[in-house]
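Chemist: If you scroll down you'll find the structure; I have some questions about it.
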Amino acid sequence: MTSEKGPSTGDPTLRRRIESWEFDVFYDPRELRKETCLLYEIKWGMSRKIWRSSGKNTTNHVEVNFIKKFTSERRFHSSISCSITWFLSWSPCWECSQAIREFLSQHPGVTLVIYVARLFWHMDQRNRQGLRDLVNSGVTIQIMRASEYYHCWRNFVNYPPGDEAHWPQYPPLWMMLYALELHCIILSLPPCLKISRRWQNHLAFFRLHLQNCHYQTIPPHILLATGLIHPSVTWR
């Protein structure tokens, strides 16, 4: 008989893992929590070793905390490459976007990929412009999908014994809607996704408002992926 196991006790990342309930409340795309959680991976040069850790908001946003920690603990030659992957429960605000760009400009050997569970105050034009500026400066920003949730569950979560495969499987529709809105942001289109908080809890509901400019600019397969658009629509 094989025993059920959680993360190995010999796993050097175990002390940096978050609890399963934390992952669920932070990364559920339907939740509108104020706090932000960051799970991150760092890979140096040609090394195959990946260093993982996590962080949360303090008096500063978690992105700023990461930058301060990274720059204070690491000194490396500009010729050494470093790839960083973030899994954020909220996308960066405009001020954090600016701080990230400054950090990357001072460390040209660093590449950054950001996966986000939700878009932070995406109706705010400053936040939208901040994300566009990040993309234009070479940062990859994507909405977390099922594969990213599973990756985070396995590598960042102190899941219960036997629950490796029982990671939270959130409704794909929310991921697709956020991905659609992220396309609108990157393409400088008006917002199409409106989100409201349900009364007396954190869960949210959405309304989709598409204009002609959305149909004319966004690739049809992205619109159809939401399942809310009829394929007989004339796109262009």
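Each Cβ is built from the backbone N, Cα and C atoms, and glycine gets one as well.
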Chemist: Have a look through His61, His151, His166 and flag the one Swiss-Prot assigns to the Zn(2+) site that Cys93, Cys96 belong to.
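Modeler: Answer, per Swiss-Prot (Zn(2+) site with Cys93, Cys96), from His61, His151, His166: His61.
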Chemist: Around the Zn(2+) site (His61, Cys93, Cys96), what further same-chain residues have their C-beta within 8 angstroms of the site's C-beta centre?
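Modeler: Near the Zn(2+) site, beyond His61, Cys93, Cys96, sit Thr36, Val62, Glu63, Val64, Pro92, Trp94, Glu95, Ser97, Ala99, Phe120.
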Chemist: What three-state secondary structure does DSSP assign to His61 (Zn(2+) binding site)?
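Modeler: Coil, per DSSP.
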Chemist: Let me know the most crowded of the binding-site residues, choosing from Cys93, Cys96 and counting other Cβ atoms within 10 Å.
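Modeler: That would be Cys96, with the highest Cβ count within 10 Å.
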Chemist: Distance check, please: Cα of Glu63 (active site, proton donor) against Cα of Cys93 (Zn(2+) binding site), rounded to an integer number of angstrom.
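Modeler: Cα of Glu63 (active site, proton donor) to Cα of Cys93 (Zn(2+) binding site) measures 10 Å after rounding.
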Chemist: Measure from the Cβ of His61 (Zn(2+) binding site) and count the other Cβ atoms within 10 Å, all protein chains considered.
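Modeler: Neighbour count, Cβ to Cβ under the 10 Å cut-off: 20.
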